[in-house]
Every structure is written in structure tokens, then in C-alpha cells.
Amino acid sequence: MASTKPLSRFWEWGKNIVCVGRNYADHVKEMRSTVLSEPVLFLKPSTAYAPEGSPVLMPAYCRNLHHEVELGVLLGKRGEAIPEAAAMDYVAGYALCLDMTARDVQEECKKKGLPWTLAKSFTSSCPVSAFVPKEKIPDPHALRLWLKVNGELRQEGKTSSMIFSIPYIISYVSKIITLEEGDLILTGTPKGVGPIKENDEIEAGIDGVVSMRFKVKRSEY
């Protein structure tokens, strides 16, 4: 798939980060939530990107920052109302991603019936790995994701456990949001989410594909 911009640096120019919540039943259970008939969507700004080598910044207003490891899907061309059967034709590649979440803030937002923006969209809330070309992952539904904090395994799960498949998600999202080249879709997290603190080291990976490391620092704001 020809690209007019370097997908290897997607975090520098990609516009939209679309996130899917509640896409693994075991995570839905641990969060005491309910599996819904359609994907739960929320957005992160492009300033949420944190490529490997930069720190994960814990907002000053957050007292309970959680890690969520996810498979990210990179779009290679513009599309709207994409048929599910053609959805994979729009995929240029993948990235391992973290959906960093201010859990205490999110819980307050839920209680008040407010959007999750304060909990999900802060600077560096979307750490990402290097770009992985589509050809290196023949089946994105046959991957093992894992995450460690200070060497301790916290999360592991298989993408085969997704409730909504990647083609379905792409099609569903594109009927609401026009997707563009360089856009990233986070496809949900398996169970095992948990807290991190300042100076922790997060290591995450996709077995046999890619891994990444990040240090956690406290933001001044």
C-alpha cells in the first residue's frame, strides 16, 4: 500500500486516535462493567502520542494511573462507511500501544455521567511502539500481548479473545468518523490492568513481533 507520508513516524503526523473500550470479556468482568452490543468509543488527541524513548507522564491531578496494553491498527488510506469485508484493505500496519488511564479520574467521571476525556486524553497517554508493517502480522487475531511493570508480568492476553473483530471495528468506526491515512485505532485491552507509579518501568510486547519500554515520570501539571 503506497503511502504519501512515512508511516514509520505515524505519531508525528497522524490525526486521530480512536479507542475501543470493553473489547475483551475478561477485562469487562474485572472492571465490573457490562458487555455491550456495539463497541464503546472514545478519542485521544495526537498530543497523547509518546514514542519509545520518551517518558510516560503521570498527570499532577491523577493519583491512580493504570496501564492498559492494546493492539493498535494503523490506517493506510482515507475511508468512510467502509464495508466490513473490505476493511483490512485499509490497514497499513500495526503498533503496540498503551492506553494510559487516570483511573481515579475516570471513576469520578463515570459517577457524574461525564465523558472520559480527563482520564484518557492527557499528554503522553498513548505510548506506542515502532510501526509494524501489515505483512509482518498475517493474522492480527492470533497474537499474544503482554505487559510487565518493573519485571513483573501484569497483563497477558490473546487478540483472538476480542469481542469485536478488527474488520468490524474499522467498519463501525468509519460510519461515524471519517478515517484518514495515519489514523490509529486501539482495539481494547485484556485483563490485568493495574496501577503504576513514578519511576516505574513498563515493558510490553507482542510475542515474536515487537516490544517497547517506558519510564514513568510525574508531570508538573
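Quick reminder: no glycine exception, Cβ is built from N, Cα and C everywhere.
According to Swiss-Prot:
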- 1-24: transit peptide (TRANSIT)
- Arg22, Lys120: oxalate binding site (BINDING)
- Ser37: phosphoserine (MOD_RES)
- Glu68, Glu70, Asp99: Mg(2+) binding site (BINDING)
- Lys112: N6-succinyllysine (MOD_RES)
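For Glu70 (Mg(2+) binding site), the nearest of the recorded positions Arg22, Ser37, Lys112, Lys120 in terms of C-alpha separation is Arg22. For the transit peptide (1-24), the DSSP-based tally of helix, strand and coil residues reads 7 helix, 6 strand, 11 coil. It is 22 Å from the Cα atom of Asp99 (Mg(2+) binding site) to that of the residue listed as 'phosphoserine'. A strand conformation is recorded for Glu70 (Mg(2+) binding site) in the three-state DSSP classification. Lys120 (oxalate binding site) has Glu68 as its nearest neighbour among the recorded positions Ser37, Glu68, Lys112, going by CA to CA distance. Counting only residues at least six positions away in the same chain, no Cβ atom sits under 8 Å from the Cβ of Lys112 (N6-succinyllysine).
Compute the center of the Cβ atoms of Glu68, Glu70, Asp99, which mark the site for Mg(2+); besides them, the chain residues with Cβ within 8 Å of that center are Cys19, His67, Val69, Cys97, Leu98, Met100, Thr101, Leu186, Gly188, Thr189, Val193. Taking the Cα atom of each, Ser37 (phosphoserine) and Arg22 (oxalate binding site) are about 11 angstrom apart.
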